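Report on one structure; see the data block that follows.
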């Protein structure tokens, strides 16, 4: 899930951050699985899906096949580790819920900027690259909710997708104005985290249409 | 989403029709989003998904990657435009529901014939090309319903998928007997619209199995 | 869906077994469709999806595009045949439910070992190849449940996914230790069937986390 970058240090940094994001998302998947009383397998499966589905969707759509999560086993190992941790030490992990929410915020920001940059590296136009960044961030959560038979909460809540989109857009704008990738990636990630914090602590929301829905389909 | 065609005029015509279909599907997605009280982002997302998911599924399955909806930003622009329109002028758009149903019918017909032709152009055998045409037509609606946590209505209702399949099959039959694409595409689209009209106004339905389902799984 | 194998007889054998698995899965999909009172189209659609979705997901993820189920019409023919059979002779087919459960077990085992072997043949690492084997086996059932608006039962039940994973893992282990494919494929299939039988007749289950879930999300 790593774009071409122009320095080995930056590349390693992004790699580590990508793994941190994977861990955060896998933990949030695992927690949901335990709460839903899934068995061990179901918990591990959900950890893996939440952690990698967004990146897989992006890789399929930008034609970077096979997806990184298939060719690089780190994603799998991290997800399974997080799932096992959640399964066997659930009370401990759940007590860290606040920290995990922060992790998740960081994971969203990192996935979005890394995803947009990878799409640009594969020749996708900047507009759709920003969308691919958003998809990388929210795809895991969408897959989780669809598998759990629920309306994906990213379609309703808390600027989640919008924050990811803002991060992707920052990377695309940086690309268009010819900036080296690192600066817009950092700005984008910061913007994503800022929007999420405002959504959680200040109640920022996207507008909802004021129309009453008394027209049945 | 445009197949190889043998005249520039035809190509432009198909292009315009593809956009009309995209617009129709995006409007129907947007209307659902407003009715479900999604926020602005959710409405735009649903518009986009309904408009492009069928074509994306087809492009992935026929290996035309990246999908046209990623490389060509027109689909995105049209979808977002339709979503914004629906969000801010919902009563106005909803009052056009009858026309949108007609649009949707036309969109289904166009997507099905264009999708089947594209599959043939990518070397898919005529049988599966007809199925790919159907998928192009119904994929957006399926994705919409799955995201909304509902059983896809195409699995139940109104000859919707069958009409799309008939359109795809007409294109495949034309290909097998060596006809130039335009004629079977027009016939297929007409057949699709005819079947939908019969389903809506005359209540034509596919048969349902007469068996009582008192065998639990 | 056939991996490179080293003898024509083995290749033909695997081909036939792959079709048997397709048939078994298509029958189980068709039975569900009739029970849910889908119309003829819906029943055929469900038969096809259950039979091929797992293989399609695998082929997309290992970049074997277009998927075998698109390029080879046998899968389609077998699925549609099974769907028609179920639709018109439902009581007859339903009375064979016990045999179909056995078929399904065999289908799961065959799909898992064939899927893992195909992933290895496409250069996927053994760890993810085992996962791809599992996905081939359970993907159809997952797609069926998501389309029916239900939590995929593979996330909950009866060692289903674990049995498929064990089969895939056997093939991968065989590959790593340099065995010719046939032996690990047979062993893997036998292991999968054994685990399923133990789950059904002895109530073997994967562990469920002992934690009470009184922490709301």
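Placement of Cβ uses the backbone N, Cα and C atoms for every residue, glycine included.
Just so you know, TrEMBL annotations are computer predictions that nobody has curated.
Among the features that TrEMBL reports, domain 'Glycine transporter' is placed at B:16-90 (among others).
If you look up TrEMBL, you'll see B:102-173 (among others) marked as domain 'Glycine transporter'.
Residues or ranges marked as transmembrane segment in TrEMBL: B:12-34 (among others).
Per TrEMBL, the feature transmembrane segment maps to B:41-61 (among others). Nonlocal intrachain contacts for the transmembrane segment (B:41-61), taken as residues 6+ away from its ends with a CB within less than 8 angstroms of a stretch CB, comprise 1, 22-23, 25-30, 32-34, 67-70, 75-76, 78-80, 82-84, 86-87, 111, 115, 118-119, 132, 135-144, 147.
Nonlocal intrachain contacts for the transmembrane segment (B:73-90), taken as residues 6+ away from its ends with a CB within less than 8 angstroms of a stretch CB, comprise 1, 19, 22-23, 26-27, 29-31, 33-34, 40, 43-44, 46-48, 51-52, 55. Taken from TrEMBL, the feature transmembrane segment applies to B:73-90 (among others).
For B:102-120 (among others), the entry in TrEMBL reads transmembrane segment.
Sequence-distant neighbours of the transmembrane segment (B:126-147) (same chain, 6+ residues past either end, Cβ-Cβ under 8 Å): 1, 25, 29, 32, 46, 49-58, 61-62, 107-109, 111-120, 153-154, 160-161, 164-165, 167-169, 171-173, 175-176, 188, 192. What TrEMBL lists as transmembrane segment is B:126-147 (among others).
According to TrEMBL, the feature transmembrane segment maps to B:159-177 (among others).
Summarising the annotation, TrEMBL assigns transmembrane segment to B:183-204 (among others). Long-range contacts of the transmembrane segment (B:183-204) within its own chain (CB-CB distance under 8 A, at least 6 residues past either end) are made by residues 14, 101, 105-106, 108-110, 112-114, 116-117, 133, 137, 158-160, 162-164, 166-171, 173-175.
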